[in-house]
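According to TrEMBL, the protein carries these features:
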TRANSMEM  A:16-37  transmembrane segment
TRANSMEM  A:44-60  transmembrane segment
TRANSMEM  A:66-85  transmembrane segment
TRANSMEM  A:97-115  transmembrane segment
TRANSMEM  A:142-162  transmembrane segment
TRANSMEM  A:183-212  transmembrane segment
TRANSMEM  A:224-252  transmembrane segment
TRANSMEM  A:273-296  transmembrane segment
Amino acid sequence: MTSAFVIEQILNGVQFGVMLFLMAAGLTLVFGVMGLINLAHGSLYMIGAFVCAWVSGWIGSFWIGLVAGLLAAAAVGALMEILVIRRLYQRDHLDQVLATFAMILIFSEGTRWLFGDQPLWLDIPQLLSGAVDLPFGVSYPLYRLAIILVGVALAIGLYMLITKTRLGMQIRAGESDREMIGALGINIATLYTVVFALGAALAGVAGSFVGALQSVQVGMGEPVLILAFVVIVIGGIGSIEGALVASVLVGLVDTLGRVFLPQFFALFMEPSAATSVGSALSSTSIYILMAIVLIWKPKGLFAAHD
Amino acid sequence: MKNNLLKTLSALAVSTAVGVGGMASAMAENVKIGMITTLSGGGSSLGIDVRDGFMLAIKQSGRTDIDVMIEDDARKPDVAKQISDKFIQKEKVDILTGIIWSNLAMAVVPPAVRQGVFYISPNAGPSALAGKACHENYFNAAWQNDNLHEAMGGYVSAEGHKKPFILAPNYPAGKDALTGFKRFYTGELAGEVYTKLGQTDYAAEIAQIKASGADSVYFFLPGGMGIAFMKQYSQSGVSTPVFGPAFSFDQGILAAVGDAAVGVKNSSQWSKDIDTPANKAFVESFQKEYGRLPSLYASQGFDSANLIISAVEKAGGAKDADAFRAALKAAEFTSVRGDFKFASNNHPIQDIYVREVVKEGDVLTNKIVAVGLKGHANAYVDQCKM
Amino acid sequence: MTDTLNRETIVNISLAFLLLAAPMLALALDEPFYISLATKVAILSLAGVGLNLALGYGGMISFGHAAFFGVGGYVAGISAHHMFEGSDFLGLFAATDQLLLIWPMAIILCGGLAILIGLFSLRTTGVYFIMITLAFAQMIYYLGISIPTYGGEDGLPIYVRNQLPVVSSDDPLTFFLVCYALLMGGIFLSSRIIGSRFGAALQTARMNEVRLATVGIAPFPVKLTGFVLSAMITGLAGALFAELNGFVGPSMLSWHRSGEIMIFVILGGVGRLYGPLAGAALFILLEFFIGGFTDRWQFFLGLILLGVVLFAKGGLMGLIAGRARHD
């Protein structure tokens, strides 16, 4: 095992984490500001990927597809907020769960209806294909490197938006005291729609980027949704910093667990037994991580507010 | 987009037309077939191909004494079981077919065949049903799950690769796959990795492949997992040749994998370029009927239907179970894959080909380059006491 | 108020009667298949009754009840497996095919598991509780997938249904009646629990833990007990479900299943005794009948569910029986 190998795996973990952050950020914002559990967040990720794949296939440019994916997800998000979600803010979490679960069914089947049953093809843009050489003899796919950079840039952008702009101030006000923003004369309805669409756009971007790395298919949003929930719970619900730290943590634990747990067990077990015990344990590593964090800190690492 | 809707509708129209046509002349002796397959959600493309292939054969036979009922299992074992109960108890079917996934087959097949219903598998072939839990009313018209992996193990060996790296998801079919591979590849391995089921990011495994000094890679990652793996592998700068079973390189899925798949060798019991009149006619008529190239699954659906039709013909219906069973076992139909007969455990004895992914114009497709295993049965024949 | 209460009682009795009448009618019309559909409704309702105890009355939104449902199922499946193979469990215990032994085993095992999960999970509240219960269920799910002895992802078929004394569990109607009786038993038990001093404490814990603490009752043991009882009932339902399907597999442990049981409860009406029955019946019937019409049934199911949430506050029971007493 060389240091290049270890560095590469750490990069893989970070890249995975950054992608998770884009999903988790929207989820945690919506929960923090509106107090809404949105199970259909994964559908927005799927919509981003499908529109990106469809548009890039049609026009022949990944970048236009990416923009289309982002806009489509944001538009669907805004529409969803106006038509359905805003009726749910006053309801308890359980009604929100049922309503957004119903929306998963509608979106999944609707997508299949529109785009057909086969997975769609979406390829990495030419500009970012291939691998690059990094220091310490690491050779790393350029596209993954780009994802890390874009993700970090978006995280910084989001941070600036929330701390430095008027919208951000309203969002923060909304997180700490929902009645307060109404009193300040802010149009709550518009603010909520904007926040929801912002979260949807981030999910759409994540879907488009990841779509080029995997298959664009119905149901792709659900596993990511669960992971994003794990992230926001570990990070502390409503906390953007928490979501960032937790995403990278989850990304690293999952990736490094997959690689090193079987090798660790091989130190004192027969190879075949080590492989199966290690693989079984690494499948659950992030859930174990979540359980440990919550037992230690029942409100996540960065508890935003009670 | 619209096109897809239309296609689905026309496929449905065909299936209803056949059903209605069958009913119009319905006599007490009509053969009733219940098809349980996955038509919604993830993995629905496999079920749709099986259905379309199956219905094409029924349509071509021109028979009005066969009724086919089709229902969606949504890939849930309990839903599949419920539909099979309905087919058996309410519709009193003679034959069940259609299931794509091993875990659904394990829920449906054993109780169904014990009630005297016939089950013809167009896809799933779990080892239990080929071995200890085999049954005289269960016939598999596709393959035993290990077949394609065994063929590839043999081929990788024969090609002189000395250090393959092998990976599969951590579940029984994944373990069976790699065991099957190792049954015919007996040399040294560069590594053996089991991934999480449903995993979509393979960066960590690809880095392991790179670090292991492997001279070849064999993977079994069905569905979206395989698409993700191939796309990521092609971007990683690793050039070690890749081998796989047909599932990740078949017609339906190739478009989603893209150019990353070109040149990959994969094992399959069927290919669209098998040079027999039956196969040519099948490919042509399938394309004409549905406007797309047939997949492996479509060929399996087509063969399953033709197997049933041949037995109905020979036994004069399905009511005389012993005659019908003997007629199925004789398998007197022209399989689109070429030679086909049943081993003693009712699983195929067939040639497994090695295909290479090529580009024909703009379309990715497969071309046969070798025969992996000739007249191959399966490893569980001895365990089956019928 | 007494008016709505009466209405709820009438609705409850009607629901119970309808479920009992359905298989009789099916038999009279020579459509025995509907008996197994009714049995499925009864069993999944029982799973919902279990969850409702934690979720509806105790305010513990568990997203991990599939763990108990599945473990209950595996107890039945593993017993049948060893019975069929003629082997012992872990080489220690002799297998049994007696449901009267298997059910208590499932219940006790799920109770033990719930103590373990509850001890950790109940330190958290709200969405954190939802997610930590999911985490534990996922651990068990991946365990189920990767144990080859019991079929892993392929699951375990139950070739021969486990047996009851005197009556034949193989007879569909008998099996339905057994499941129905257990469902009614579960509902009765729930109502007794809720009406008891413990039940009052449990409901107070949901609404205001501090108030409970001020009267000298520690909330933690109350909630843990509620959680464990809930898990036991759902575990029993799992054991029945495995027998009904003749099959147990990891799909019984998956988070989709947890979600589905939760949907039954919410759809029917949270914290209503017969809510899970109403919810499960509607969901299963919709799934079955729309599924017969179109492959796109999930789309329409989604629309209907959405309609229920938006326009029927308090789920189906809220719609047909009026608002719940405790609101």
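Numbering starts at 1 and runs along the chain as it is shown here.
Note that Cβ sites are derived from N, Cα and C of the backbone, with glycine treated the same way.
Listed stretches A:16-37, A:97-115, A:273-296 were compared with the transmembrane segment (A:224-252); the greatest number of C-beta pairs under 8 angstroms is found for A:16-37. Comparison of A:16-37, A:66-85, A:97-115, A:142-162, A:183-212 by number of C-beta pairs under 8 angstroms to the transmembrane segment (A:44-60) places A:183-212 first. Below 8 angstroms of C-beta separation, residues 44-45, 85, 88-89, 93, 96-97, 100, 147-148, 151-152, 154-155, 158, 171, 174-175, 178, 191-192, 195-196, 198-203, 205-206, 209-210, 224-225, 227-229, 231-232, 235, 237-240, 242-244, 246-252, 254-255, 304 of the same chain, each at least six residues beyond the ends of the transmembrane segment (A:16-37), sit close to that stretch.
For the transmembrane segment (A:183-212), the most Cβ-contacting stretch among A:66-85, A:97-115, A:142-162 is A:66-85 (pairs under 8 Å).
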